[in-house]
Each structure stands twice: as structure tokens, then as C-alpha cells.
């Protein structure tokens, strides 16, 4: 394992466990500790990436461009993908809920909203009389404002996972393998929470394995967003939106027959299938390739004249660039010796 990758993973995983320790020794996944520690965890991939940057001695402007903090070369495409992520994630989430209800995995209770009422009671809060209006307002806020409210912590994750790790793995292992591996790493990083049953409370510690499955397929879509425009911001918006709407959708269920989180909704098997199909369509019809920034003082790939020397390969973030070997001087031709007389 190369040094930059090792540094990144040690910091991201080590600090995530450190942030979650109060949950392990202080009562488990209970508010408000869960919200506080979970938010702190989301910044650990960014801290890991800053550790790599500190050792790389790369100017920050160049580093920001290489890791997708800018809007990319085609800003119009980036903004289009931001809008698509903003609207598409809620659409996909409620589509997963609808399919789950259609196949009998979720029993909806749109009249009494008993599951939403029960969730309020579990937090020690009395549900309002007009719960339907509250539910609509909550859903609208999650869809419209969720990406903004969650943008900063989502960036803490996406800058590390999609901004730096995805291009590195894709360049070394190929497009599909790199995306799948990055998703598995992302899912495993959640272990401090998922081993306590986070997202899949019925499964206990097995929730850690289930969430890796979700992260693998979701990571393909998020990775495609990053590579398609050279920017992490569409993935940040998608991640922030997902965190806002994923839990809200299932609250439209029936408390008497609560949904099985492993099967229903966007984080269940129904969602896995939808995300896998979406990822396959995106990669098939809208192919992407890893960013290959040109090294300082060298032309970008494909811009040189025919017969010109091949430009030096740009160093990956965190690696020192190979020195360029000067060309050997051309030896002058030997002068023609005059013919001897006779």
C-alpha cells in the first residue's frame, strides 16, 4: 500500500473510531450524542486528506483542483449535475418507498401517520394534532433545504472519498473495480456506528455488513457524479440530500407493521437494486474517465504535436513527481573526408 493511501486510511478510520467512542461507552445510538458524534465522524475523511496534502507539499490551489474542490473545467455541466442530484435523490428515495409498498414490504399509513407519531413519542415529544401538515412541511424542508443544511458535513466525507480516493482507485484498478472498492471502503468506515445497529436496528452488529452493500451501489453513482464533471460538489449535494430524505420517507409507514429496513426503502434491498440499475445506465450511456491533470510546465494529454516527446506523467496527489530526464544531445555528423588523389 502506497504511503499517501495508508496515511489517508489510518487517519480517516482511526479518527472515526475515536469520535464514536462516546457512543460505545455512553449508552449507544441515543440523541443528542448520536447527532454530535456522527457529524464529527463525517469530517474525518477530510482530515485524512489534509494529512496527505501536508506531506505532498503541493500548492493548495493545485491540490483543490486535483481533488475536485473547484467546479471543474465544464462549470455548466457541474451545475446541471448539482440540480440533477438535488432533485434526483428525493425522487429516487420516494420511488424506492413506492416500490416497497407495491410489493408489500411497507404498509403505508398516510391517514394517521402512526409511524411518524411513534417516532415523536420515542423522543419524548408530543406529536402535534395536525400531524399531516407537519409531515408535509418536514418532507419539503428535507427535499429543498436538506442539501444546504447537510452540505458542510457531507463535504467532509465527499472530499476524501470521492474527491481523492475514487480517482486514485479508478486510475489503478479500472473504472468499475475502482468504484466498487471505494464504495466498500466507504461502507466499512461506517463500522463504528453500524456495528451498533445504525440504519438497520433489527440486525444488530450485522448492520455493518448490510450497510457496506448499500454503500457499494450508492458509491458507484456518487463516484460517477464526481468523475463526470471533475468536481465533488454534485456528490456533496447528493450525499446531503440522501441524509435528509432517506429517514423521512419511511416515516410514512404504519407503526403496527413497521418496515424492515434491510428490505424496504432506499437503504434496503429495493434501493440497492434501483441504485445498481442507475449506476449501470450511467456508466453505459454516459461513460467517464479519471481526471488526468497535466504536470506543471507540460501540455495536457493529446495536445502535443505529432512526433513530440511524450509529456511526463502527472504525479497523483500525495506523490512526488518523477524528474524529467533531459534529452541526449544530437551528435554532429562526421565531416566527409576528401578523396585521396589518384
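Placement of Cβ uses the backbone N, Cα and C atoms for every residue, glycine included.
Annotated features in TrEMBL:
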{"type": "COMPBIAS", "residues": "299-324", "note": "compositional bias 'Low complexity'"}
{"type": "DOMAIN", "residues": "144-245", "note": "domain 'CAAX prenyl protease 2/Lysostaphin resistance protein A-like'"}
{"type": "REGION", "residues": "292-342", "note": "region 'Disordered'"}
{"type": "TRANSMEM", "residues": "34-55", "note": "transmembrane segment"}
{"type": "TRANSMEM", "residues": "79-106", "note": "transmembrane segment"}
{"type": "TRANSMEM", "residues": "135-156", "note": "transmembrane segment"}
{"type": "TRANSMEM", "residues": "168-191", "note": "transmembrane segment"}
{"type": "TRANSMEM", "residues": "203-225", "note": "transmembrane segment"}
{"type": "TRANSMEM", "residues": "232-252", "note": "transmembrane segment"}
{"type": "TRANSMEM", "residues": "264-286", "note": "transmembrane segment"}
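Residues 81, 85, 158, 161-162, 166, 170, 178-180, 182-184, 186-188, 190-191, 194-197, 234-235, 238-239, 242, 262, 267, 271-272, 275-276, 278-279, 282-283, 286, 288 of the same chain lie 6+ residues outside the transmembrane segment (203-225) yet bring a C-beta within less than 8 angstroms of a C-beta in it. Note on the domain 'CAAX prenyl protease 2/Lysostaphin resistance protein A-like' (144-245): mean pLDDT across this stretch is 96. A Cβ distance under 8 Å defines the sequence-distant neighbours of the transmembrane segment (232-252), meaning residues of its chain 6+ beyond its ends; these are 67-69, 71, 78, 81-82, 84-86, 88-90, 93-94, 96-97, 106, 108-110, 113, 115-116, 119, 135, 138-139, 142-143, 145-151, 153-155, 157-159, 162-163, 218, 221-223, 225-226, 259, 261, 264-267. Among 79-106, 135-156, 264-286, 135-156 has the largest number of CB pairs under 8 A with the transmembrane segment (34-55). Sequence-distant contacts of the transmembrane segment (264-286), counting only residues of its own chain at least 6 positions beyond either end whose CB sits under 8 Å from a CB of the stretch, comprise 92-93, 95-97, 99-100, 103, 105-106, 175-176, 179, 199-200, 211, 213-214, 217-218, 220-221, 224, 228, 242, 246, 249-250.
Same-chain residues lying 6 or more positions outside the transmembrane segment (135-156) and placing a CB less than 8 Å from one of its CB atoms are 39, 42-46, 85-86, 90, 113, 116, 232, 236-241, 243-245, 248, 251-252.
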